[in-house]
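*Asks:* Below you will find the structure I want to go over with you.
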Amino acid sequence: MELLKALLLLSGVLGALAEFCVIPKMDGQLVEKLGQRLLPWMDRLSSEQLNPSIYVGLRLSSMQAGTKENLYLHNLKLHYQQCLLRSTSSDDNSGCQTKISGGSLALYLLALRANCELLGSRKGDRMVSQLKWFLEDEKKAIGHHHEGHPHTSYYQYGLSILALCVHRKRVHDSVVGKLLYAVEHDYFTYQGHLSVDTEAMAGLAFTCLERFNFNSDLRPRITTAIETVREKILKAQAPEGYFGNIYSTPLALQMLMTSPGVGLGPACLKARKSLLLSLQDGAFQNPMMISQLLPVLNHKTYLNLISPDCQAPRVMLVPATEDPVHLSEVSVTLKVSSVLPPYERTVSVFAGASLEDVLNRARDLGEFTYGTQASLSGPYLTSVLGKEAGDREYWQLLRVPDTPLLQGIADYKPKNGETIELRLVKM
């Protein structure tokens, strides 16, 4: 009896200590500038550049793009439905210039839910089946004893479970079990660093399953995993306030905002401060990162797509006025040590040029080649000087001597005198 009283007292104390993660309102002009950066991307309607995350981010934000949103969703539907239905009916996929990945399809399902659409038609059922096939294929790649890895990533795996869940579609216990095992055994730590966005996506997926009481036989493990994810994210907070890095912070905050916990209040206020400084410095330029941050600034998460409010008032965005361009040159040195003979060359580009511009300039000068592949987060390197990234390898971008870049080649803008190394590393 005394033990029971002690446990009840302890649970009461912990309950009293639990806090919500609240992000106080930020300067409206900063938030508006963030939304304005998405507008040019909504004019890019080619199959390679369509990004469902842009639509989701805007719909969960406090801003809207008017008829542009409707046109963008229309083009998303044309692209995904035509490509997916063609790929399931035959091997002829010639009408689609890019292959639809599981993560991309999952984001498209989130976009439909952001428009208050629930999958129920024959086309919708085929898309659900396609995403479930993707998860089954990834489950097989992971292996019965978890000795393997997903063909894509655990991030896409968790995102796919989340997308099906917000559409009220169940997945098999064995599929959820793989993600649970990965969280329980620290599979999202690479080279000593936690992949915060992967951890957060898994946490969002588990929280959705818990709210619907899906996979009830796994309920105790799901509840424990949610707590584990929260604790890992909080431990990954840097002294500056961000979780992991500044670009993984939006998803981390989405996860932390879903339920109360001990110590969340101060941690989230600290994260807000780091985000504010980054926004003032213009750090968020990539549409994928912006679209993950906008919901947070509107006190929403992907879990709001369970019951979206499509009638909520949103402020109309207007295009930003362009600042005058002052042309000056900077010198950037490119270094590649992962090939023989090693490569090193200094090139000149206009100030404000991206790393991709630097690579193009080096290629134009001769003796340098590289290949890329498009993704929703922007192009990434697949080969440098003829050397292809192999299985479980990737080309890492570093600022010499040894600082990994947090942005991709299309987003990072080297400063004058910097040396950028392209290094082939194993995952």
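Don't overthink the numbers, they just go from 1 along the chain as shown.
Using N, Cα and C of the backbone, Cβ positions are placed for all residues, glycine too.
The feature cob(II)alamin binding site is assigned by Swiss-Prot to 152-156, 193-197, Asn245, Ser248, Gln292, 395-397, with similarity to another entry given as support. Positions annotated as disulfide bond by Swiss-Prot: Cys21-Cys268, Cys116-Cys310, Cys165-Cys208. Marked as signal peptide by Swiss-Prot on the basis of similarity to another entry: 1-18.
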*Asks:* Fewest other CB within 10 angstroms, which one of the binding-site residues Gln156, Gln292, Gln396?
*Replies:* Gln396
*Asks:* Quick one, of the recorded positions Cys165, Leu194, Val196, Cys208, Cys310, which Cβ has the fewest other Cβ within 10 Å?
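*Replies:* Checked Cys165, Leu194, Val196, Cys208, Cys310; of these recorded positions, fewest Cβ neighbours within 10 Å: Cys310.
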*Asks:* For the C-alpha pair, I'd like the distance in angstrom between Cys208 (disulfide bond) and Leu194 (cob(II)alamin binding site), rounded off.
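*Replies:* Just about 22 Å between their Cα atoms.
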*Asks:* Distance between Asn245 (cob(II)alamin binding site) and Cys116 (disulfide bond) at the Cα atoms, whole Å?
*Replies:* 32
*Asks:* Please give me the CB contact count at 10 A for Tyr154 (cob(II)alamin binding site), counting all chains in the structure.
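*Replies:* Result for Tyr154 (cob(II)alamin binding site): 22 neighbouring Cβ atoms inside 10 Å.
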*Asks:* Sequence gap of 6 or more, C-beta under 8 Å: which same-chain residues meet both conditions with respect to Cys268 (disulfide bond)?
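*Replies:* Same-chain residues close to Cys268 (disulfide bond) (Cβ under 8 Å, separated by 6 or more) are Cys21, Val22, Ile23, Leu253, Leu256, Met257.
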*Asks:* Secondary structure at Cys310 (disulfide bond) (DSSP, helix/strand/coil)?
*Replies:* coil
